[in-house]
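Residues annotated as ATP binding site in TrEMBL: 26-33, 144-147, 181-184. Feature annotation from TrEMBL assigns active site, proton donor to His33. The feature beta-alanine binding site is assigned by TrEMBL to Gln57. Per TrEMBL, (R)-pantoate binding site is recorded for Gln57, Gln150.
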Amino acid sequence: MQILHTIDALRAALPGPGACAFVPTMGNLHEGHLALVRQARTHGLPVVVSIFVNRLQFAPHEDFDTYPRTLERDADLLRGAGASFVFAPQESELYPQPQTFKVHPDPAIADILEGHFRPGFFTGVCTVVMKLFQCVQPRVAVFGKKDYQQLAVIRQMARQFALPITVEGIDTSRADDGLALSSRNGYLSPEQRQQAVALSQALRQIANRVRLDPSSLHVAEAEGAATLMAQGWAPDYLTVRRRDDLLPPDAGDLAGPLVVLGAARLGTTRLIDNLEF
Ligand SMILES: Nc1ncnc2c1ncn2[C@@H]1O[C@H](COP(=O)(O)OP(=O)(O)OP(=O)(O)O)[C@@H](O)[C@H]1O
Ligand SMILES: CC(C)(CO)[C@@H](O)C(=O)[O-]
Ligand code: BAL
């Protein structure tokens, strides 16, 4: 496995356009990331994993400075998972000058949910992902469904820019108690880690209730929020949406397919999760 820190070195090492599979990450890797790498490997192409904490997608009050940077450990895990290349550029390499050209996604999908609570987030994500796509030129790019809206936005970007890249979404890897694996879980105290299970439980509760009685949608969402708050969480949103455009379902959509998405804060840690049903 080669670790490359510059775009020139990466381009020199890679086999050429359309000849690799790509997994973009922000590092501090866990089993969820490794599942993406395993999926990427199924294409029989060398797998490139990027590790880059992208300042553009963090608001000034968010955790850019404290986000864990664990390159040596990440490289060991990726070697074990069979990645061929790690692209880990410094900020000055990817952004040698202020990134004034940006990719602005459609507000209809990018200014709701995460984009509402993290204004500019998806512009930061799309800009860096487009740039990483230019550097890596993959045939396939693999993303987690844990970041469900991100996957939807990237798919739309790839389609609308006719990128020659297949975007794949992979099911969320979870801890035994149901908590979605996430780098930010590391911010939780042992006590908060116990409470954290309530997020996936609330999503399941809402999905089960709406599946049984679609007319209970809004009651189910409110009860799910109450379950979360009883466990000490402060929900940003907890809402059932159509899977394709992430808009609220009309009466005719309630037979599915749907997804319930949630974001909530436990102390200073903000986590997201979702469940398709
Ligand atoms: N539990 C998981 N299961 C599957 N994919 C995941 C999981 N967690 C993250 N991913 C995916 O890994 C890729 C890189 O995500 P990232 O490095 O931000 O990890 P993260 O754990 O989501 O971090 P954070 O806690 O900061 O949100 C994304 O495509 C993301 O959806
Ligand atoms: C896709 C991504 C690597 C862009 O910085 C990030 O948003 C993430 O880790 O999900
Ligand atoms: N996992 C998505 C990246 C972020 O929260 O910034």
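Glycine residues also receive a Cβ, built from the backbone N, Cα and C atoms like all the rest.
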For this session: Report the nearest neighbour of Gln57 (beta-alanine binding site) in space among the binding-site residues His30, Lys146, Gln150, comparing Cα positions.
Result: Gln150
Exercise. Which binding-site residues from the list Met26, Gly32, Gln57, Gly144 come close to ligand 1, meaning a Cβ under 6 Å from one of its atoms?
Worked result: Met26, Gly32, Gly144
Exercise. Those binding-site residues, Met26, His30, Ser183: which ones have a Cβ sitting under 6 Å from ligand 2?
Worked result: Met26
For this session: Could you round the CA separation between the residue listed as 'active site, proton donor' and Lys146 (ATP binding site) to a whole angstrom and send it over?
Result: 11
Exercise. Could you give the Cα-Cα distance between Ser183 (ATP binding site) and Gln150 ((R)-pantoate binding site), in whole Å?
Worked result: 16
Exercise. Which binding-site residues among Asn28, His30, Gln57, Ser183 have CB under 6 Å of ligand 3?
Worked result: Gln57
Exercise. Roughly how many Å separate the Cα of Leu181 (ATP binding site) from that of Gln150 ((R)-pantoate binding site), to the nearest whole number?
Worked result: 16
Problem set entry | Assigned conformation of His30 (ATP binding site) - DSSP reduced to three states | coil
For this session: Take the Cβ of Asn28 (ATP binding site) and count every other Cβ within 10 Å, whichever protein chain it belongs to.
Result: 19
